[in-house]
């Protein structure tokens, strides 16, 4: 019935089914079965946690690990003590039926009911498709608060048997939290490494590969529970550690088997848990106290809201992506309770806790309220608040490449700044993993880089085998590659290009290979500090040398441009002076004007008047011969000054024209005075007879 399942979560429907089955069994006079804690903790809970840990989105989990830990540890401690303290006050004021409940019993009850349940969170949040950030915050909190719950539960249970609790007992109880949490993680890591190492030698018998994953994971959980460590933390650590190495060693069929068997196993366990929760509600012994039950429900909600608001205000001071008020509301509203709280309450001993039936009644009431009311209303609230939903499609390879590129970029920025942040340690861990761990835990060529080329060769070989089997290879030489085959035998392209469909396994392998074989950052990490830089003594000399070479090249280019300009004929002395002033390098000596005065032009500073030098002055008519008409028309001829040798200085080396008479002649040429301009345009610059 789609209309019902779209409104009511699956967990609620399963609890209703359990209630109906329990009522039916009780109606026919039989005793309904009760969800025993041993069955729940040893058989039903591990598959759900292993599925969550093995397929944990590691990137989002590690990036938000600090926030998750604060919610899981500080938030759970706050809920437990706040709720326990207030319930103790309610019991003292609640009348004769509650006066006998002491502080330790209320604190134990608070520790049981305060923890967010991973089974309930998974069941509800996977249906509403909330975005990855909120999902990993609430789900990560429900996974990691197990250590706090286990410590507080066993601590208060032990304290209940003591006649007097001392300060040393409290300190030891505080230290036991680190032992339980870190010990569980250590057990999980050890079994994860053993699983990866074992999968290295299973290439000849692929059938048993999934068995090792399930067996070692279950062994990790049992080993942790054996020493009263956190079994959930052990399973999470084992799944996270073993997955990259196991998937590199096992076959695709084994990977598919592990994936779908875990999904099926966890789904069956989840179904059984909620059904048994409904059956146990009908079958169990209940003691209803309005004051205690309503106070428990109210203070649970108040403690959750206050804890989330205060912790988020503190966390947002350090987060780059802040948690908005909408996010805070979803985190507070998503704190669902489930079967873990019921099983822990069922484990209580009647001898020390005579009020166990009342505790169980209050726990079941809170579970039903959170699962039914909050679970059914969270989806319309998410739509109403327009909270960002999860992307249904996978990231494209382009997005993954750019994501990893930005990771390398941020690692490089942290490296340059000398800041040891999240990306720096992640890069260190990846480098250590590739240098040492992969060689020990991954078999064969897969431990070496690059896998992308090996995978390409594998695909090319497969394509060649298919081509041979189809009989198309006999028409062409054997040395021709598949690319050449397409060029030799061109086919008419269809109107619409049909892309070959890749299987999901092959696409996933290509994604994994691309993710692990992108450009790595440089191996040596050096801190950069501008105050510790040493000046290079040769830097200034090199700069001067480069500048001199550049100026020499520019001068050479200018000289080439000047010498390649064709010469112009001079029409009159006025035009000659104008041309000398504007472009003095445009003139070159003529071969038939040997007896004319020669003016040399210095190219270094063509605009200055001192650049004109009269090298030899031979007035027309001084040789005793009358001037020819051609000489009358030509006047003076300009010649370019010979370039000086590289070892001489053009400014301070005296030339042949530096005598006093030449200087007087130069002044006369540069400033002729008030003499009127000649009327004839063809008259020479120096008059005849002078």
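Numbers run from 1 along the shown chain.
Glycine too: its Cβ is placed from the backbone N, Cα and C atoms.
If you check TrEMBL, you get these features:
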COILED    504-531  coiled coil
DOMAIN    8-382  domain 'Cation/H+ exchanger transmembrane'
DOMAIN    480-564  domain 'Sodium/hydrogen exchanger regulatory region'
REGION    579-690  region 'Disordered'
TRANSMEM  6-25  transmembrane segment
TRANSMEM  37-56  transmembrane segment
TRANSMEM  68-91  transmembrane segment
TRANSMEM  103-124  transmembrane segment
TRANSMEM  136-156  transmembrane segment
TRANSMEM  168-194  transmembrane segment
TRANSMEM  214-241  transmembrane segment
TRANSMEM  262-284  transmembrane segment
TRANSMEM  290-316  transmembrane segment
TRANSMEM  328-347  transmembrane segment
TRANSMEM  359-382  transmembrane segment
Whether the transmembrane segment (136-156) meets the transmembrane segment (328-347): three or more C-beta pairs under 8 angstroms: yes
Close approaches to the transmembrane segment (262-284) from elsewhere in its chain (Cβ under 8 angstroms; 6 or more beyond its ends): 11, 14-23, 25-26, 31-35, 40, 43-45, 47-48, 50-52, 54-55, 119, 122-123, 338-339, 342, 346, 357, 360, 364, 367-368
Close approaches to the transmembrane segment (168-194) from elsewhere in its chain (Cβ under 8 angstroms; 6 or more beyond its ends): 147-148, 150-151, 154-155, 159, 162, 216-217, 219-220, 223-224, 227-242, 441
